[in-house]
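This report concerns only the one structure given below.
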Amino acid sequence: MNMIWAGIRLLLMIVLLGYAMVWIMRPTKTFKEIWLPNIRKKLNSSTYFGTQGTGFLVFSFPILFVAVVGCVYLHFRKRSKDRKLESNGKKNRLVTLKKPMLVKGPLGIVSGTELAFLIMFVALLIWSFSVYLLNGFATITPQSAAKKGLKEWQAKLASASLSLGLLGNICLALLFLPVARGSSLLPLFGLPSEASIKYHIWLGHTVLVFFTAHGLGYITLWAVKNQISAMLEWARDDVSNVAGELSLLSGLVMWATTYPGIRRKMFELFFYTHYLYILFMVFFIFHVGISFACLMLPGFYLFLVDRFLRFLQSRQRVRLVSARILPCDTVELNFSKNPRLSYNPTSILFINVPSISGLQWHPFTITSNSNLEPEKLSVVIKSDGSWTRKLHQMLSSPSSIDRLEVSVEGPYGPASTHFIRHDQLVMVSGGSGIAPFISIIRELIFASTTYKCKTPEVLLVCAFKKSSELTMLDLLLPISGSPSDISKLQLKIEAFVTREKGPTTDSSKTPRAIWFNPHATDAPISAILGPKSWLWLGAIISSSFIIFLIIIGLITGYYIYPIDQNTEGGFPLAFRSFLNMLVICICIAMTASAAVLWNKKQNARDVKQIQNVEGPTPAGSPQSWVYRADRELESVPHQSLFQAINVHYGERPDLKKILFECKGSSVGVLASGPKMMRHGIANICSSGLADNLHFESISFTW
């Protein structure tokens, strides 16, 4: 079986290397004068695909092929690893590649692997720009420029501006890949969706820098020639200037709201303006035409599939069973879950509460464990922003609510986890950053009790502002857990309360539980494509694209091609692009809807078998009350945890001392919390003073 996995990986690697080689060769004369004409001679002469045939084969097919084969690979790999854990002795061969190389700077924490790929990508941009300029300027002479009504420097400005636009296309081809949360490409490279957002941010800035320079170059040229009216041209069978300007304008509005000052203080503005990506892409395709847009199509195609599946999942209201209100302005939401839904620790769930905002979706780390709690899914929400404060006020108000409408997207998480391979785990959290570590500790509890395997020693270093936040440590154990669950873990907790000199009690804030009466239409959280989601995703991608090729081929052969041949002006370029976009959307919607409806029937059968482990609300009882003795939340952790906890008041953790005292041969250092804290830990681990420290940052940044 390992030979099969190795063969599939080799095949995917060959396809990706070939795809990269095409981008490397694309600026050269060899590609333009030899490769491309030969390919076009065989494809573009066909009345079936027309001018976009080359783009489909060379630029669209390879990435979609990798995505589909990757789905099959991930399905069988997951199936072979289900209910199996890799031994502690098997070290992660990639941990050294994940070691931080850059900590301070605008890019944040950058690992060795990320830095290597970043250097190669920058080298590709430099190479492409140099070749484009060299080849473009080589054909520009005063005579050739005069034939176009230009001076030599004006012709060179036009050539340089075009080259900048072509560089932007390289970045745009990758822009949407990191934000396709359910795509198979990210887990193939071992990337969780939340950690990939930074690549989208880097690419987004780069795309708009190149496109802005591209647009300004042409506007400057038109202004110098007194041809500003060219900005209003929408050519019938060539590049549309108006569409390009509208696309750029949409991008600039999005770009303006991404800067930290605006994004943090006016998150709603940032969130809503990001929907302009629809106009950005639509007008971009109108600007360049569908044949050229095939270069950027694969990433956007996979994003559309993912986005439509998320849309379908978000239409269903989920069953919110209960909530725990902690004294530290923190809420734990407990949902009913389909037992067949499994997810890995540190997975993310996107939540929408229509009564607060119909459009806002916020990501939260799942704290429950799908093995320990097969019928329940929990998230912890700290009141840090306006949305979370409204939710906390709604749930903690004296007037109890009977039901809360909630929709979700996800879960999304890593395809596999490697923390069990270390000899020791040091998890450092700040405030609500403890949430992902709750899921990890629960996974280790499951591993130690079910498989009886040796788990790494665990040191949890958590910093809180107030002693009331110590109640978050109660969440380390599921309510259904027994004291013996954690006794097999080598767990030590160092808790630091930074703003208080000693323990304090506030009788006005008592832990509460709220039990809801879900509506009959509320469904348990289920995987939108069921347990075989990877196979279904591969089927959706492949079938939708094949149907698209069939339909657009028929339209081209029987409608577009005759007009091109028999009409002087040919078929309008914008209308051709519109037809392609329309058919793509219809094919994706049709195949994805069919797959979701098929799995929805299976999910409905599973729902009938789910038993409500929380139990019904007692008759005559209020919807909120203080926990009973067996579910009581105290200001200190459960007795089973008490001996593992050492609380420090009025001080901050000396992270350098703590980390350097770790003597294991392989120490996994996980950081979750404020940016400065994560950067400080990354700096310690990358200092070279301790080779056994392997750093990993856990964070989600919009």
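Backbone N, Cα and C define each Cβ position, glycine as well.
Remember, predicted model here, so these are calculated numbers, not experimental data.
Listed in TrEMBL for this protein:
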type: DOMAIN; residues: 313-418; note: domain 'FAD-binding FR-type'
type: TRANSMEM; residues: 6-25; note: transmembrane segment
type: TRANSMEM; residues: 46-76; note: transmembrane segment
type: TRANSMEM; residues: 115-137; note: transmembrane segment
type: TRANSMEM; residues: 157-179; note: transmembrane segment
type: TRANSMEM; residues: 199-221; note: transmembrane segment
type: TRANSMEM; residues: 242-262; note: transmembrane segment
type: TRANSMEM; residues: 274-305; note: transmembrane segment
type: TRANSMEM; residues: 534-561; note: transmembrane segment
type: TRANSMEM; residues: 573-598; note: transmembrane segment
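Across 115-137, 157-179, 199-221, 274-305, 534-561, the stretch most heavily in contact with the transmembrane segment (46-76), judged by Cβ pairs under 8 Å, is 534-561.
Summed and averaged per residue, pLDDT over the domain 'FAD-binding FR-type' (313-418) gives 88. Tallying C-beta pairs under 8 angstroms between the transmembrane segment (242-262) and each of 6-25, 157-179, 274-305, 534-561, 573-598 places 274-305 first.
Of the two recorded stretches, the transmembrane segment (573-598) does not lie close to the transmembrane segment (157-179), with fewer than three CB pairs under 8 Å once pairs fewer than 6 apart in sequence are set aside. Within the domain 'FAD-binding FR-type' (313-418), the DSSP-based counts of helix, strand and coil residues read 13 helix, 40 strand, 53 coil.
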